[in-house]
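Here the structure is laid out as structure tokens; the discussion comes afterwards.
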């Protein structure tokens, strides 16, 4: 009976490190796609949106003037496309 208890103890003691190693490698595999996507979609300084002196489409035009091709809506105070009915 003693041998049976010892063999069960050794088996369980051997399985615990195996489970720990498997869990650690699985968690690394789960982190790998996240790291890859974050490196692919990382914002580079060259591609950051530049601050303009004018407001673009559907932007507030209270303080800034609208860019060429847009007019400031008197009702909403947004830069919109000029149209005949907006006078």
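Positions of Cβ are set from backbone N, Cα and C atoms, glycine also.
Per Swiss-Prot, these features apply:
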- 54-67: disulfide bond (DISULFID)
- 61-72: disulfide bond (DISULFID)
- 66-79: disulfide bond (DISULFID)
- 1-24: signal peptide (SIGNAL)
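In the shown protein chains, 15 other C-beta atoms lie within 10 A of the C-beta of residue 67 (disulfide bond). Non-local neighbourhood of residue 61 (disulfide bond): 55, 72, 73, 77, 78, 79, each in the same chain, at least six residues away, with C-beta under 8 Å from its C-beta. The Cβ neighbour count for residue 66 (disulfide bond), using a 10 Å radius and every protein chain shown, is 20. Fewest Cβ neighbours within 10 Å among the disulfide-bonded residues 54, 72, 79: this applies to 54. In the three-state DSSP classification, residue 66 (disulfide bond) falls within a strand.
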